[in-house]
Every structure is written in structure tokens, then in C-alpha cells.
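**Q** The following block contains the structure, expressed as C-alpha cells.
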Amino acid sequence: MKVAIVFLSLLVLAFASESIEENREEFPVEESARCGDINAACKEDCDCCGYTTACDCYWSKSCKCREAAIVIYTAPKKKLTC
């Protein structure tokens with residue numbers, strides 16, 4: 001009886017892991033591929049990952065993703081526009 005339960009558990013685990021692999025193949029593009037991390041090049045706030053980062057073009061010649069100084073303003077703005 002115990003052997004049958006272990007066998008069925010392994011069978012269910014095998015089917016579950018197969019299902020997860022199929023889902024990964026359906027959606028190959030991850031969130032990290034669509035947005036930039038800190039210090040990544042950007043053109044607008046939506047190019048930066050997370051709600052606390054913004055595209056900063058003010059202090060440097062090239063625009064880069066930086067932590068926002070005013071998160072209370074940046075987070076709702078990114079939720080509405082991105």
C-alpha cells in the first residue's frame with residue numbers, strides 16, 4: 001500500500017513538473033527582459049523595473065534608471081501610465 005502511494009505521488013509530481021515546463025515555453029520573455037534595472041539605459045519611466053525607479057536624465061548626459069527621490073509621486077504615476 002505504501003509503495004502504491006509513493007508511486008502515485010511520484011507520478012503526480014512528474015506530471016506537475018511537465019506542466020510547469022510547458023508554461024515556461026509558452027511565455028519565454030520574462031519581466032526582466034522588458035525593463036531595465038538600476039543604471040540601465042532608458043528613455044522614459046516605464047523602461048525601468050519596479051514602481052520605485054524612474055528614468056533620470058537630469059543629472060547625467062545619458063538617461064539611466066535610478067531610485068526615485070519621491071516614491072509617493074513615482075509609484076502611482078507608473079501604475080497609471082505603464
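Just so you know, glycine gets a Cβ as well, placed from its N, Cα and C.
Sequence annotations record features per position, and here Swiss-Prot assigns signal peptide to 1-16 based on sequence analysis. If you look up Swiss-Prot, you'll see CYS35-CYS49, CYS42-CYS55, CYS46-CYS82, CYS48-CYS65, CYS57-CYS63 marked as disulfide bond, on the strength of a curator's inference.
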**Q** Taking only same-chain residues 6+ apart in sequence, whose CB is under 8 Å from that of CYS46 (disulfide bond), what do you get?
**A** CYS35, LYS78, THR81, CYS82
**Q** Pick from CYS35, CYS42, CYS63: which of these disulfide-bonded residues has the biggest number of other Cβ atoms within 10 Å of its Cβ?
**A** CYS42
**Q** Listed disulfide-bonded residues are CYS42, CYS55, CYS57; which of them have CA atoms within 10 A of the CA of CYS48 (disulfide bond)?
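**A** Among CYS42, CYS55, CYS57, the ones whose Cα sits within 10 Å of that of CYS48 (disulfide bond) are CYS42, CYS55.
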**Q** Tell me, how many other CB atoms lie within 10 A of the CB of CYS82 (disulfide bond), whichever protein chain they belong to?
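**A** For CYS82 (disulfide bond), the 10 Å Cβ neighbour count is 12.
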**Q** What does DSSP call CYS46 (disulfide bond) in the simple three-state scheme?
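**A** DSSP call for CYS46 (disulfide bond): helix.
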**Q** Of all the disulfide-bonded residues given, CYS48, CYS49, CYS57, which residue's CB has the most CB neighbours within 10 A?
**A** CYS48
**Q** For CYS63 (disulfide bond), which DSSP three-state class applies?
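**A** In three-state terms, CYS63 (disulfide bond) counts as coil.
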**Q** Cα distance, CYS49 (disulfide bond) to CYS63 (disulfide bond), nearest Å?
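**A** So the alpha carbons of CYS63 (disulfide bond) and CYS49 (disulfide bond) sit roughly 14 Å from each other.
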